[in-house]
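**Student:** Swiss-Prot feature annotations, pasted as is:
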BINDING   R20, E85, R124, K459  (6S)-5-formyl-5,6,7,8-tetrahydrofolate binding site
BINDING   N231, T250, I252, T255  K(+) binding site
BINDING   231-236, 250-256, 275-278  GTP binding site
BINDING   S235, T256  Mg(2+) binding site
DOMAIN    221-380  domain 'TrmE-type G'
Amino acid sequence: MDTIAAISTPMGEGAIAIIRLSGPEAVQIADRMYKGPKEKKLVSVDSHTIHYGHIVDARTDQVIEEVMVSVLRAPKTFTREDVIEINCHGGIVTVNKVLQLALREGARLAEPGEFTKRAFLNGRIDLSQAEAVMDLIRAKTDRAMNVAITQMEGRLSGLVQRLRGEILETLAHIEVNIDYPEYDDVEEMTHRVLVEKATSVKKEIESLLSTSHQGKILREGLSTVIIGRPNVGKSSLLNSLVQETKAIVTDIPGTTRDVIEEYVNVRGVPLRLVDTAGIRETEDIVERIGVERSRQVLKEADLILLVLNYSEELSEEDIKLFEAVSGMDIIVIVNKTDLEPKLDVEKVKQLAKDRPVVTTSLLQEKGIDELEMAIQSLFFTGSIESGDLTYVSNTRHIALLQAAKQSIEDALEGIEMDVPIDIVQIDLTRCWEQLGEIIGDAVHESLIDQLFSQFCLGK
């Protein structure tokens, strides 16, 4: 493999920036750029050491930057290759000069995610662990971060490998029974034993899949739409949850003319919170565009926060909103409880059916805690911070687990129908292969390229 280089820290001004190199010539390339005290040579220093010096353009003898250089030799590195990390002052011009010098000395500019890709290809991590690196970078809450870390540490990989081991052991047992029926040393794979083993695998796959809904919420955020008639307090609710003024809050109905989106951490649940223009008929062209966008995001929502006005009677428009979100996960928020009551709350509870109804006075900052608790309890039972569960959050993993579950169910159905054992063997083998794809066993190269292309440059 050639040697790659990239800036591993965000571009812009900052205290420190890092340029990373990885590959067989990483140390030699850095050595040609580096000038240390007492003629120190990086090619001669020990692994996992850091060295003060300067980056110098050998052609002009110009000092480019004062640096600290980390030397990390294979195989005890992230990529299992020789790795150099040049720590310099943050700044667009200086950092790019150091990178350009590394490229001139023989490195190639890394592709997005190529360092992590090399870690995978060199056996340092499996594919699910590699994907967890990006999940960690993109985590919006502490819990999402913890889920990514447990996956990086190999908890999901370990479970998948154990399941594959159980299936492989069963397949080997079947193979011996088929090819060497005369062997008395090997116990016969009876109908009962085969059902027990396949059922055990199925239950474990189902257990993993049972965490997928919550896992996807933690990974991607809960698409949450705030709806209600104009001027019931939708934008005030958004601002209360975000805790800063993002939407325009006035007494004029219809002020929010577009869709406003913001990520919010609610008791460990990441909400992709959307405040919409009121869904109503309007002659205003700009407002009408906002209303149409509101209808679209409503269809795609995971959670609806339906806001009502405590100081006004329930209107036909309110009832239509209840009808529009029928069958969806909703929390009804009765706002403006600081004003004179006119709303029939019992009627609201009837319309809400068994969905939560929370009373608030956003002006007086009352009811927000109760709303946050309602959101958490709607999607997570017990403490969301529990580290006992292995959450499956990646869409690719979920699809493969669902396919593996179908394969094991096909095997069980075949056993019950008393089909030939070699047919059952095909279904078990397919299940084994599908589980293997989660950790990157026998994955097509184009899929690997596509997955790592989503990473940021320098990772």
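Any Cβ shown, glycine's included, is placed from N, Cα and C.
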**Student:** Among the binding-site residues R20, K234, which residue has the largest number of other Cβ atoms within 10 Å of its own Cβ?
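**Tutor:** The largest 10 Å Cβ neighbour count belongs to K234.
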**Student:** Please determine which of the binding-site residues listed here (N231, S235) has the lowest count of neighbouring CB atoms within 10 Å.
**Tutor:** N231
**Student:** With Cβ-Cβ distance below 8 Å and at least 6 positions apart along the chain, what are the contacts of R124 ((6S)-5-formyl-5,6,7,8-tetrahydrofolate binding site)? List them in sequence order.
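**Tutor:** Non-local contacts for R124 ((6S)-5-formyl-5,6,7,8-tetrahydrofolate binding site): F78, T79, R80.
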**Student:** Does DSSP give K234 (GTP binding site) helix, strand or coil?
**Tutor:** helix
**Student:** So if I draw a 10 Å sphere around the Cβ of K459 ((6S)-5-formyl-5,6,7,8-tetrahydrofolate binding site), how many other Cβ atoms end up inside it?
**Tutor:** 19
**Student:** When the Cα of E85 ((6S)-5-formyl-5,6,7,8-tetrahydrofolate binding site) is compared with the Cα of each of the binding-site residues N231, K234, S235, which one is closest?
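**Tutor:** Among N231, K234, S235, S235.
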**Student:** Quick one: what's DSSP say for K459 ((6S)-5-formyl-5,6,7,8-tetrahydrofolate binding site), helix, strand or coil?
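**Tutor:** DSSP assigns K459 ((6S)-5-formyl-5,6,7,8-tetrahydrofolate binding site) to coil.
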**Student:** In Å, rounded, how far does the Cα of K459 ((6S)-5-formyl-5,6,7,8-tetrahydrofolate binding site) sit from the Cα of N231 (K(+) binding site)?
**Tutor:** 46
**Student:** With (6S)-5-formyl-5,6,7,8-tetrahydrofolate as the bound species and R20, E85, R124, K459 as its recorded binding residues, calculate the greatest Cα-Cα distance and give it in Å as a whole number.
**Tutor:** 19
**Student:** Sort R20 ((6S)-5-formyl-5,6,7,8-tetrahydrofolate binding site) into helix, strand or coil using the DSSP assignment.
**Tutor:** strand
**Student:** Would you mind reading off the Cα separation of S235 (Mg(2+) binding site) from R20 ((6S)-5-formyl-5,6,7,8-tetrahydrofolate binding site), to the nearest angstrom?
**Tutor:** 44
**Student:** How many other Cβ atoms sit within 10 Å of the Cβ of E85 ((6S)-5-formyl-5,6,7,8-tetrahydrofolate binding site)?
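**Tutor:** I count 20 other Cβ atoms within 10 Å of it.
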